[in-house]
Amino acid sequence: MSFADITPDLKAAMPELRGRLLANEGLAPLTWFRVGGPAQVLFTPADADDLAYFLKHLPAELPVYVIGVGSNLIVRDGGVPGVVIRLAPRAFGEVKVDGDIVAAGTAALDKRVAEVAASANLTGLEFLFGIPGTIGGALRMNAGANGGETKDILVEATAIDRQGVTHHFTNADMNFTYRASGADPSLIFTAARFRGKPSDAEAIRGRMAEVQAHRETAQPIREKTGGSTFKNPPGHSAWRLVDAAGCRGLKVGGAQVSEMHCNFLINTGNATADDIETLGETVRERVEATSGIALQWEIKRIGLKAR
């Protein structure tokens, strides 16, 4: 499927734009599942000022979606109408340390932020080492693993709104809850500051090694997957509910519930986005039928289904 090419109109309305605009650009290569249709417009801003300029001049009726490394994302097969903004590491991926503060652009990999903190002998950020995403996603969903969450370490987040205005948010402003933040969904996060605590370098590295060992042995990290599919309901583990419903190894087309970890869906090689989403919905139905619990998606789904 392809969309009307609106990039000439956008370029004409934004003569000072420095970033890259592409029409009908495939998104599958930008996601871990490797599925999905194109973006009507894919915009890669040159820097935060360029992003603000773009948003200020973008027609209000055009929907906007933001992606990082696509690790927690299903792009539907019909593609994404409107604008998809991809924050590239070269412009939004810097990580630096000042005292006990770790400052990171939102395209920085969570793992990289943990490594930089460890190099500065700062503890508290080790949990990020086991999260296969970027800081932007961590802010949006209060990403967490291995006993830590983004809310535990955030000092301040910087974001740009649809009018191109920059805002700064404290930890309290973010209104974090389990795997979510209360920040306006239209905000695009560009940077964050985290606080660590001075500690022993060897101990920090040891904890990071434990995190990596757990991922290697318990999660299908070599597969085409989107990470944890469903949020853990209060008092329950999603994977246990999925397993109890008899869904371990369940398949729909080229999509399968991982045999290694039941809360991971994988693309076995030829899955469509619809295969993966249908499998997820089938799992939700079976879990609710057996336990009475309605699982909530943790993976973000965007775009249109194929016609």
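Each residue's number is its place along the chain shown, starting with 1.
Glycine is no exception: its Cβ is also placed from the backbone N, Cα and C atoms.
The annotation active site is assigned in Swiss-Prot to R179 (among others) on the grounds of sequence analysis. According to DSSP, R179 (active site) sits in a coil region rather than a helix or strand.
Taken from Swiss-Prot, the feature active site, proton donor covers S228. A 10 Å cutoff on Cβ-Cβ distances gives S228 (active site, proton donor) a total of 21 other Cβ atoms nearby, all chains included. S228 (active site, proton donor) falls within a strand segment according to DSSP.
DSSP assigns E298 (active site) to coil, not to a helix or a strand. Under the heading active site, Swiss-Prot lists E298 (among others), citing sequence analysis as support.
Taken from Swiss-Prot, the feature domain 'FAD-binding PCMH-type' covers 34-199, and the record attributes it to sequence analysis.
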Check: Given R179 (active site) and E298 (active site), what distance in Å do their CA atoms have, once rounded to a whole number?
Finding: 8
